[in-house]
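Peer 1: Reproduced below are the annotations present in TrEMBL:
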DOMAIN    41-287  domain 'G-protein coupled receptors family 1 profile'
TRANSMEM  25-47  transmembrane segment
TRANSMEM  59-78  transmembrane segment
TRANSMEM  98-120  transmembrane segment
TRANSMEM  140-158  transmembrane segment
TRANSMEM  204-225  transmembrane segment
TRANSMEM  237-258  transmembrane segment
TRANSMEM  270-289  transmembrane segment
Amino acid sequence: MAPGNFSRVTEFILLGLSDTWELQLLFFTLFLLAYTMVLLGNLLIIVTVTTDPKLSSPMYFLLCNLSFIDICCTSVTVPRLLVALLSGHKAIAFEGCVAQLFFLHFVGSSEMFLLTVMAFDRYTAICRPLHYPAVMARGACWALVAACWLGGFTHSIVQTVLVLQLPFCGPNTIHSYFCDVPPVVRLACADTALTERLVASNSGLISLGCFLVLVASYGLILAKVRARLSRGRSKALSTCASHVMVVTLLFVPCIFTYLRPAGTSPPSKFVCVIYTVLSPVMNPLIYTLRSSEVKESLRRLWKRCRA
C-alpha cells in the first residue's frame, strides 16, 4: 500500500473477556474485588512501612516501592475494564490505546527490575552479610530504585515507538481487554515480522533475563543456608518457595506472551489476567504480610488508630 493511500484508524475495539452479560457481571465482581484488595493491601503496606521506624531496612523500602508499582500496574488496565464490563462500551481512542500500552510497559518492566533488585538485596543480606550495610546503604537503595524506573521508562519508550511508526488502516479489533504491543502490532497495515522480532527481543528477553536472575539468586540463597539448622532451612525454603511462586505468576505469562514467534496466534486473554491482576494481588500477601515484623507493625498501627 502506497504511503498516504489509507485512512488512519482513530479507535480500537477491545473485545474484553466475554460477550455474555452474566459472565460480564461475574467478571466485574471478581475484578472489582481483586482491585479493591490490591488498593487496600498495598496502601496499608505503604502506610505501615512509612510510619514505622522499625521498618526502615532496605528490604522494606523496596517492598514499599513494589506496593506502589502494583497499584500503578493494576490501575492502568482494571478501572477501564470495570467500566467496559458495566457499560458495554468497548471502544478506545488510538491515543488512549497508545497511552495505555506505554504506561503498562513502563510500570510492568519497572516491577520486573525492582523484583530483581529485591532478590539481590536478599542474596546480599544472607550470603554477604558483612558487606550488606555498605552495599545496600540508603543512597544505594534510592539509586537502584531510580535505575528500575529509568529502565522501565526506556523500555516503554522503545515499545511505544515501535507501535507509532506502523500504519493502521484496516481492522481495529483487539482480542483482549487492554491495549498491548503484540495485539496492536498485528493490526498494522504493513509487514510486521521485523517489528514483532524487535518486540520479542525487547520485552521477551527482559522478562526471561530477569526471571533467570531471580531463580538463580534464590537458588544461591538456598545453597547458602543448606548447612544451617533444620528450622532455619525450613523457613528459608518456605520463604524462597513462596517468592518463586509469585515471581513465576508474573514472569512465565510474560515470557509466554512476548517471546512467541511472529505469526503465531495470540495467547489466551486469561493468561494476561495472571500478570496484570493476580500477581499484584499476591505480592502483598507473599512478600510482606507473611513477615512477623510487618504483622507486629500492623498491630501497633491498629492500636494507634483505635486510641
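The backbone N, Cα and C atoms fix where each Cβ goes, glycine too.
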Peer 1: What stretch of 25-47, 98-120, 140-158, 270-289 shows the most Cβ pairs under 8 Å to the transmembrane segment (204-225)?
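Peer 2: Between the candidates 25-47, 98-120, 140-158, 270-289, the best contact partner of the transmembrane segment (204-225) is 98-120.
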Peer 1: When you check the transmembrane segment (59-78) against the transmembrane segment (270-289), do you get at least 3 Cβ pairs under 8 Å, counting only pairs 6 or more apart in sequence?
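Peer 2: Between the transmembrane segment (270-289) and the transmembrane segment (59-78), which are separate recorded stretches, there is contact, as judged by 3 or more close Cβ pairs.
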Peer 1: Would you kindly list the residues that approach the transmembrane segment (237-258) from elsewhere in its chain, counting only those six or more residues past its ends and only Cβ-Cβ distances under 8 Å?
Peer 2: 108, 111-112, 115, 119, 180, 182, 199-200, 203-204, 207-208, 210-211, 214-215, 218, 221-222, 267, 271-272, 274-275, 278-279, 282-283, 286-287, 290
Peer 1: Mean pLDDT over the domain 'G-protein coupled receptors family 1 profile' (41-287): what is the value?
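Peer 2: Mean pLDDT across the domain 'G-protein coupled receptors family 1 profile' (41-287) comes out at 85.
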